[in-house]
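Q: Encoded as C-alpha cells, here's the structure I'll be asking about.
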Amino acid sequence: MARSLYEWLWQHEFWLPPGITWEDMQESEDTHYPQPRDLLLSIPFALILVVVRCAFERAIALPLSTKLGVRDKQRPKAQPNPVLETFYSTRRKNPQEGELLSLAKQCDLPVRKVEKWFRHRRNMDRPSLSKKFSEACWRFTFYIISFFTGLAVLYDKPWLWDHRECWTGYPQQPLQPSLFWYYMLELSFYWSLVFTLPFDVKRKDFKEQIVHHAATIFLISFSYCANYIRIGTLVMVIHDASDCFLEPTKIFNYMKWKRTCDSLFMIFSAVFLISRLVVYPYTVLYNTYYYSMEIFQPFFGYYFVNVLLMILQLLHVFWSCLIIHMVYKFILQGTMEKDMRSDTEESDKDEERDKIREKEKNGITCFSNVTSNGYIQRNGSEPLDNRAHRANGHAKER
C-alpha cells in the first residue's frame, strides 16, 4: 500500500513537463540535479536554527533591549481562582455576558470583578515588550543575512536580469552548490518558524501567517523537486527585500524612537507595495504563467506551482490593504497608527470607569480635581452644587 502510494506520488507526469521522465534527470559525476531526498536536510537545519535563535535572544537581544531602554510594563496579576482559571483554560478567554453572570454567582463575586480578573489574566498571557523586541531582532538579523546572501548568489545569474532565462533548458538545469545552500537556508528558516509558532508573538493575522508559512514551505519544496530553482530564488529574494525594513520598524517602535520608526515604516511601506504588488506579479506571476509556456505545455506541476504563487499574492493584497490603511492614517494624523496585526495589551480604562460608576451611585462626584472656586473639571467648569443632581443621574445644564 505504502509503496503504491509512493509510486503514484512520484509519477513524472505530476512533476515534469510532457516528454521528460525521471530517467532524464539522473545525476552524473559532472551534473547534479535537485533530488527530493535533499529536502530532509532542512529539518535538522531548522532545529539548529531554533537553537541558534534561543542563544541569540538570550545572549544578545535581551541584554540589548535593556541597554536600549526597552522596559516591560508592570502588569497586575490575576488573583488565584480555580473556578475562573478552569473556565479560562478549557472554555474561552473572553466570556460572554451570560457566562460572566454565571461565573460571578459561582464565585460569589461582583460581575465587574470577574471582568477585571479575565482582563488581568489575558494580559498575563500576552508577550512582554522585551520578548517582542528579541523576536524582531532575530528576524531582522536573519532577513538581512538571507537577503544579501540571495543577492550574492544571484547577482551574476542571467535569470536575475532576463526572466526568460528561468526556462532556458528547463527542466534539465544543473543545480549549483550556491543555489542548493540558499534553498536550504530559506526552507530551514520557515520550518523553524513553524516549530516555534506556539511560542512566538501571536498577532491578529495569526491564521494568515500559518497559511503563509505553509504555502511558502510547499512552494519551496515543490519548486526544488520540480527544478523550479531559478524562479524560486526570485520569489525568495523579493520577499526578503521588504522584510529587512519591517523588523527594524518594530524594533524602533518598541524603543519608542517615534521619528525613526515613522520614517522606517514609510520606507517599508513603499518597498513592500512595490515589491509585492508590482515586481512580484511581473517578475514571478507573469513569468510562470506566460514565459514558461514558450518552453513546455501545461502539466500538473505548472498548475500547482501557480496556485501556490497566487495564494502568496492574495496574502500580499491582504497585507497591502492593512499597510495602505495605516499610511492613510499616518498622512491624516501625522502619527503612525499601531500595527493593526498586533496583539495589544488591554488597558485599565474599564476599571477606571467601574470606579466612577461606583462613586456616582454613592452620590460622590466622579472627578477629584476640585478647584478653589468650587468647580470641577469635566469638559469645562461645573459647580460643585451639581453633585446632587449628578448622583440622581440628571444634572442640569448651566
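Cβ atoms are placed via backbone N, Cα and C, with glycine included.
What TrEMBL says about a protein is an automatic prediction, not a curated fact.
So TrEMBL lists the following for this protein:
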- 341-362: compositional bias 'Basic and acidic residues' (COMPBIAS)
- 365-380: compositional bias 'Polar residues' (COMPBIAS)
- 384-398: compositional bias 'Basic and acidic residues' (COMPBIAS)
- 84-128: domain 'Homeobox' (DOMAIN)
- 131-332: domain 'TLC' (DOMAIN)
- 341-398: region 'Disordered' (REGION)
- 39-56: transmembrane segment (TRANSMEM)
- 136-155: transmembrane segment (TRANSMEM)
- 180-199: transmembrane segment (TRANSMEM)
- 264-283: transmembrane segment (TRANSMEM)
- 303-328: transmembrane segment (TRANSMEM)
Q: How about long-range neighbours of the transmembrane segment (136-155): same chain, 6 or more residues beyond its ends, C-beta under 8 Å?
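A: Same-chain residues near the transmembrane segment (136-155) but 6 or more away: 53, 56-57, 60-61, 64-65, 178-179, 182, 185-186, 189, 233-234, 236-237, 240-241, 243-244, 247-248, 250-251, 254.
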Q: In the same chain, who gets a Cβ under 8 Å from the transmembrane segment (39-56) while lying at least 6 residues past its ends?
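A: For the transmembrane segment (39-56), the far contacts come to 137-138, 141, 184-185, 187-189, 191-192, 195-196, 221, 224-225.
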Q: When you check the transmembrane segment (264-283) against the transmembrane segment (303-328), do you get at least 3 Cβ pairs under 8 Å, counting only pairs 6 or more apart in sequence?
A: yes
Q: Could you pull the average pLDDT for the domain 'TLC' (131-332)?
A: 91
Q: Residue counts in helix (H, G, I), strand (E, B) and coil for the domain 'Homeobox' (84-128), per DSSP?
A: 33 helix, 0 strand, 12 coil
